[in-house]
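Written out below as structure tokens is the structure these notes cover.
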């Protein structure tokens, strides 16, 4: 499985609230961690036991070295992680007492990935590729096109949300977005489960087969060729930090797809994985191993 996507060095600031415009505000704690949606998703997949190759660019700096080392330590292949003569992508994440967060991304080397960096060997005989929108649009379109040629299934996490050509979306096998991203793509508000049902059904007409909209504490909605259905959220005893929760969820979905587990069982399993990740600070360091969550996978009727 390959992960064509972003690598960011995350600067996490734990604070009681967001400052007002023009205000200098004192945070409570500073944490420095490897991140980026692409790297996060790759690490969660690897922690669940999948063989993962990361494709992307870092800068020729200490932050890039740190990101490469973190991937290597988590058994993700870095043979296709390239160094460019610029700064590594940076994510500045502000974490509130509630566990909610907001972030600002500096794209850095992520946007220097080009088509020549992407070998056909990454798709030939591979079951799945995961993409998101922290890399250039034309690279997303190119990877989806090549993956389709090799009958390699595509998960697209359109985050941060941006416009995608209809011809590209029609080759996406699994579109996974949150309510904000879904609202942007469908052009309709998603503020309830009913809204999510309508939005998922609308987006389903744009992709090849499946749409998953994650709704945080409201659970998730799946629209497939068979039906549109809601899955309740998994109870979480304590929310510490939701950074990377969506990436952890996608890792769970990918694990199930590679192992031919249907989405109706994959979504509750992925929700359990995501729930585990938000009970600790950070992204990759909070992601569970397969042994931590295997109990949540319903093997009946498989």
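Note: Cβ is positioned from N, Cα and C throughout, glycine not excepted.
A TrEMBL annotation is a machine prediction, not a hand-curated record.
Annotation source TrEMBL lists active site, proton acceptor at 247. Annotation for residue 247 (active site, proton acceptor): same-chain Cβ neighbours under 8 Å, separated by at least 6 residues, are 37, 40, 41, 44, 157, 283.
If you look up TrEMBL, you'll see 8, 9, 10, 36, 37, 38, 39, 40, 134, 247 marked as substrate binding site. Annotation for residue 8 (substrate binding site): same-chain Cβ neighbours under 8 Å, separated by at least 6 residues, are 35, 36, 39, 67, 88, 89, 90, 91, 105, 106, 108, 110, 134. Secondary structure at residue 8 (substrate binding site), as computed by DSSP, is strand.
According to TrEMBL, the ATP binding site annotation covers 178, 214, 215, 216, 217, 218, 219, 246, 247. In the shown protein chains, 21 other C-beta atoms lie within 10 A of the C-beta of residue 215 (ATP binding site).
Long-range Cβ neighbours of residue 286 (K(+) binding site) (same chain, at least 6 residues apart, Cβ-Cβ under 8 Å): 241, 244, 248, 276, 277, 278, 279, 280. The DSSP secondary structure for residue 286 (K(+) binding site) is helix. The K(+) binding site feature in TrEMBL is assigned to 241, 243, 277, 280, 282, 286.
Residues or ranges marked as domain 'Carbohydrate kinase PfkB' in TrEMBL: 8-288.
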Least surrounded among the binding-site residues, given as 219, 282, when other CB atoms within 10 Å are counted: 219
Least surrounded among the binding-site residues, given as 10, 217, when other CB atoms within 10 Å are counted: 217
Spatial neighbours of residue 10 (substrate binding site), counting only the binding-site residues 178, 219, 282 and Cα distances within 10 Å: 282
Coarse DSSP state, helix versus strand versus coil, of residue 247 (active site, proton acceptor): helix
